[in-house]
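All remarks here apply to the structure that follows.
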């Protein structure tokens, strides 16, 4: 049993005692508990249990809690070494004289590597703990010039000579310190929020494995995980489990680009070898509220942004099917060939769901490829209560679904799902001989790299697969339902208050709640260009003050001819009603004098 030195107060109170018995009979239970902390967990708990026998309930609870807390803290910085009987334990290490060259694979570099990584784990665990602590700021904002000039020794400039591991650890801490805590319960700025602990563990393991997704031979488990997960996602969309295909991509914008490439290859496979000159003048259709990535893909793939035709939306941001059909007929009359329609399930700003069934009818009528961009709204497919909002998605030819948004998977995690098997392979396959040999000893259909436009592809699947295992489909359903309930709570809280105006009438379909804060100076004033101009400046001013204070973050933007408004989105499972209350109170506090 490890020894423990009695506290100074205990030593002082025993000044006249027999020195041979002073340490055997400490005057406080805390001293004995200190001895217990130096023991193994099992023996330490026995000592605490012995001390409890004659104590009050309050003292019993305090002793065991204190012991368990200190044991837990100690164990945070130790891990089982599967190859040895002992443990890795954190020891005092002078990192100022150690460098990257002293770590593995350096000879005798194991101990330094262990101590360095334990320090990094300590940094990460402190960051995780503070992220969920609401007394911690969401961000410690500094302007770009301040960070570039250096903050308290934090230097972004690269050096010619190696810096010590001590400086590297400082850089690790500072990088997190000056970043934004996107997992904080009061971060509402983006569609991707939260910090899932299982997902975090998966990402750590993914980085440690440091492999590539292009062939089964170097990523066998990850490739199988991806296929199983994509198959499950296609089934949830409503497609046959036997058919279809898919792949994880670097984000929703790339997934949407895949869908356009697949559509073009399906109808005009010669484009792969002969280029756009070999095909008619093709046009794409998407709503005026859709994600800008559709126009960006049009530019990148050679269609041109002028040939990405925007369809009018109603006041809730949904495609007007009649306008879609009219625009298709107009394009045909002008000699263009309509190719592709993008319907959005969860628009970025309003959270609107396009009427997929009606759009699918039009696509079938004119033989067009139907893609559903469900990057933001795809998570609702996991909810029996809300999946009806995507009714008709099973009729789509392709679907974008980003688990890193509504499902809370750590960035990045986006899937492109295709109804017809073989199109991705045919569209992108180049048969690079150094990777995709046909005479391997295993089934080469598991080599997925030739389906992708990339060569190297990051392992995005493991954290998602691990979260699904940990939560189950029901866990994701509960998580998504909770976020939508919080959006309903926010809407009900502000819809009838004079300090707020809703951007559109009616309850939101998704967790997007769009509203204006009306400062005292603008209340009761009739709508006019002058009032709209003043209102346009309110949200940016409040957002700037919000970032300076660091207490919370929420996004704002204009839409069409509407003045800047706040767009509140909820996808963080850690958020609660009290966080919604705090946000509203903070907006009022920061905006009351505008």
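Placed from the backbone N, Cα and C atoms, the Cβ positions cover glycine too.
Copied over from Swiss-Prot, here are the features:
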- 190, 191, 192, 567: 4-aminobutanoate binding site (BINDING)
- 1-13: compositional bias 'Low complexity' (COMPBIAS)
- 78: phosphoserine (MOD_RES)
- 405: N6-(pyridoxal phosphate)lysine (MOD_RES)
- 1-22: region 'Disordered' (REGION)
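Structure with Swiss-Prot features highlighted.
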{"residue": "190", "record": "4-aminobutanoate binding site", "contacts (Cβ under 8 Å, 6+ apart)": "182, 555, 569"}
{"residue": "191", "record": "4-aminobutanoate binding site", "contacts (Cβ under 8 Å, 6+ apart)": "348, 376, 405, 406, 569, 571"}
{"residue": "192", "record": "4-aminobutanoate binding site", "contacts (Cβ under 8 Å, 6+ apart)": "182, 402, 404, 405, 411, 571"}
{"residue": "567", "record": "4-aminobutanoate binding site", "contacts (Cβ under 8 Å, 6+ apart)": "349, 512, 513, 514, 554, 555, 556, 557"}
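In the structure as shown, the Cβ atom of residue 405 (N6-(pyridoxal phosphate)lysine) sits within 10 Å of 26 other Cβ atoms.
Close to the recorded 4-aminobutanoate site, the chain also has 189, 193, 348, 405, 555, 569, 571: residues not among 190, 191, 192, 567 whose Cβ is within 8 Å of the site's Cβ mean position.
Taken residue by residue with DSSP, residue 567 (4-aminobutanoate binding site) is part of a strand.
The record assigns 190, 191, 192, 567 to the 4-aminobutanoate site; their largest pairwise CA distance measures 14 Å.
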